[in-house]
């Protein structure tokens, strides 16, 4: 009787593992089936490491923690998937799986952008070795090498947007290689080294790495990335500039499992890179908006009624701004105190918004309504270069001290 109970218990455990699989929905290992394999793996740009396993297999159970570790460390760089062969016999048979676990690497052809025949992984079953093998398969030939001799050709050769990474590292990083796979044939990525001092100063390059996106072929109009150096943040910054984004209304094909989980350092940021901050003088404006694109919101705070309404507008702007972190800065100004800005930029009252590139002396006024859809559309159009920018001469003028309050009874 005792033996029967033990057998029943073991059978129950096997059934549970077979039903729910090794890898839960919270895992970074993506469960693959016949229904999603074609779309997820074969039709995608990303490289995939795929484990073919059986839930009762002892070696599979031993591999599981290492495979989970790989999926965490390579998140955003290489896709990590798994197929339960007890449930997906046809799919496993298609790849002639005869033992468990079997690891196969599905790489994208760097010339065609399509998947070829998978490669069997024959290395050690450790997280470090699997990761090393997977990262070595990332292509570097998607990235154009930019030097002092060809930088002008790179920037002006086409009117399409192009991203340029200014770096002092001798080799291309795995992160930038992975991004080049994500944007294969939809956004040109370049990497610049050993440029002269004059060129670096022209583009305000004061540290490495610095990532700029040039939105047309004038070689001068660019947007600077100021966010965290993670795959998900950089992807979110680059995606609106890609051809795919412009063609399908910003349809992000990389929403799932695109955040990098490993700890990274962050670039030093001004508070205005995260949310709207109030600007009260030219010095603070220069600190936040000296380079790149800056969204300037104008409010009249002279009455209590205005303040209450403006708070609602500001709350909306802070919500919308989360979609543009790393691509724009966010500031607001009380024009009841600094009353020169509205006429200086030929704006029609308040509340109002314009996007300014102070280093290039160009601005783009907002003409729509204060709504989530209208604001998002406007900011995306500015980033994509679809909105015409207006030249100006002088930076926004701030009063040296607050205007005196009117006498009140």
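Glycine is no exception: its Cβ is also placed from the backbone N, Cα and C atoms.
Source: prediction; values computed, not measured.
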Which range of 402-405, 406-409 is motif 'Prevents secretion from ER' in Swiss-Prot? It is 406-409
158-186, 187-215, 216-244, 245-273 - the one Swiss-Prot records as region 'Disordered'
245-273
Across all protein chains in the structure, which of the disulfide-bonded residues 57, 60 has the highest Cβ count within 10 Å?
60
Counting by DSSP, what is the helix, strand and coil composition of the domain 'Thioredoxin' (28-140)?
38 helix, 23 strand, 52 coil
